[in-house]
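Written out below as structure tokens is the structure these notes cover.
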Amino acid sequence: MSASATNGTHYEQLHQGRTKMYKSKVDVVLGAQWGDEGKGKVVDMLASDVDIVCRCQGGNNAGHTVVANGTEFDFHLLPSGVVNEKCVSVIGNGVVIHLPSLFDEVLKNEAKGLQHLENRLIISDRAHLVFDFHQHVDGMQEAEKGGKSLGTTKKGIGPAYSSKATRNGIRVGELLGDFNLFSEKFKSIVATHVRLFPSINVDVEAELARYKDYADKVRPYVKDTICFLHTALRNGKTILVEGANAAMLDIDFGTYPYVTSSNCSIGGVLTGLGLPPQTIGEVIGVVKAYTTRVGDGPFPTEQLNDIGDLLQTRGFEIGVTTKRKRRCGWLDIPLLKYTSLVNGYTCICVTKLDILDTLPEIKVAVAYKKPSGEKLDHFPGTIAELGNIEVEYAVLPGWQTSTEDVRNFKELPENAQSYVRFLESELSVPVRWVGVGKGRESIINVH
């Protein structure tokens, strides 16, 4: 008898005798739409029970709002978990960091009562830096596009990731090393950008003096976060990752080119923190009870009417980072099925259900159709195709009563429960929480 017959096939052997390297898993919170779903509130809710909260990608183009003990905190680079003084917050290697903005954010939130950050914030030495000239270039590139702009935040995120991809970016660790080498690299990257964009003006010596000071300020926070996280997992520490932006803004899977410059899906968690796939535990998709989008780009369920105005007003849909009004529309099931395929949600948190309280009926997109009437079995891969689809809606009854004070799922109006169950059924993913207000106490546990 052959060895393979005795011990199984090679594939079966591959899965035998696995050793468990890690004592804990990494749970992930991801935006399931175009951002602004309420990820920060979900992270804040879960962070009270975890040891470490991480940001893995993006920069200060993200905006998360957390209400804790009646105080509203706005975060752009800091993980929302910093509100919990018992956990460590990590800014991973996949994040791009504008140091002036980071320290401004720290000061503003310290003024609101945030304390002892120096003991519980860790920044990756491999994270890339965003410089002021990146921001200037971002604004210039948007202006050059005229009416075809992408609607970026002009925070320099795209140009910084571009520097990273072309291998002339500068990482935090280089700022803390030999400053002469940092100075040479900085002069080189400035020269490259001035050559490409002659109108930008950079006072190199003034910037170097400024960054010499920033080196001293940031030094106490910087570590090898990859080693830190793997050690934590081996020791059974609980880790939560806060995704920035959202799946439909992902550079690969979003509505390209109307996207951000990083991977905001599950893959970005792994590359942005240096984690292998087997460390991932729960993947929580955060879904707003309707759909919003900031900036330009296709939006199949957008409502340019009284419904859109009502959602914008009741939901106070204004961007935390951009201060722009968000575009509003109905919940989009085909979009959510697509992002669930990409991210593999194990459960969902529905937020802002209370914003729908006044509506007599609520529409939900259930299918996309070609102009011929044929239903699409996939999410369109180009904006041209997405802009040419027709949307098929299901019409569900509203509940026309306030849900803001409800704290038990079974006490929600029957039609509100049905709305949540409809979403759950369509996606075949359990809804674990429902949000009906701003504070952490307004999140209802469904199961």
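Just so you know, glycine gets a Cβ as well, placed from its N, Cα and C.
Since this is a predicted model, take the numbers as computed values, not measurements.
Among the features that Swiss-Prot reports, GTP binding site is placed at 35-41, 63-65, Arg326, 352-354, 435-437, with the record citing sequence analysis. The IMP binding site annotation in Swiss-Prot covers Asp36, Glu37, Gly38, Lys39, Asn61, Ala62, Gly63, His64, Thr153, Arg167, Asn245, Thr260, Arg324 and rests on sequence analysis. Annotated Mg(2+) binding site per Swiss-Prot: Asp36, Gly63, in sequence order, evidence recorded as sequence analysis. If you look up Swiss-Prot, you'll see Asp36 marked as active site, proton acceptor, on the strength of sequence analysis. Swiss-Prot lists His64 with the feature active site, proton donor. As annotated by Swiss-Prot, substrate binding site applies to Val320, Thr321, Thr322, Lys323, Arg324, Lys325, Arg326, with the evidence given as sequence analysis.
Positions of Swiss-Prot features highlighted on the structure.
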residue	record	DSSP (3 states)
Lys41	GTP binding site	helix
Asn61	IMP binding site	coil
Thr153	IMP binding site	coil
Asn245	IMP binding site	coil
Lys323	substrate binding site	coil
Residue among binding-site residues Asn61, Gly63, Lys323, Arg324, Lys325 with Cα closest to the Cα of Lys41 (GTP binding site): Gly63
Among Lys41, Lys323, Lys325, which are binding-site residues, the residue with the most C-beta atoms within 10 angstroms of its C-beta: Lys41
Distance in Å spanning the most remote Cα pair of Asp36, Glu37, Gly38, Lys39, Asn61, Ala62, Gly63, His64, Thr153, Arg167, Asn245, Thr260, Arg324, given for IMP: 34
C-beta crowding around Asp36 (IMP binding site), within 10 angstroms: 29
Cα-nearest neighbour of Lys325 (substrate binding site) within the listed binding-site residues, Asp36, Gly38, Val436: Asp36
Gly35 (GTP binding site): nearby binding-site residues from Gly63, Thr153, Asn245, Lys323, Cα cut-off 10 Å: Gly63, Asn245
Which listed residue (His64, Arg324, Arg326) has most other Cβ within 10 Å, given these are recorded positions: His64
Local backbone state of Leu353 (GTP binding site), from DSSP in three classes: helix
Between Thr65 (GTP binding site) and Arg324 (IMP binding site), the C-alpha gap once rounded to whole angstrom: 15
Spatial neighbour of Gly38 (GTP binding site) that is closest, considering only the recorded positions Asn61, His64, Asn245, Lys323, Arg324 and their CA atoms: His64
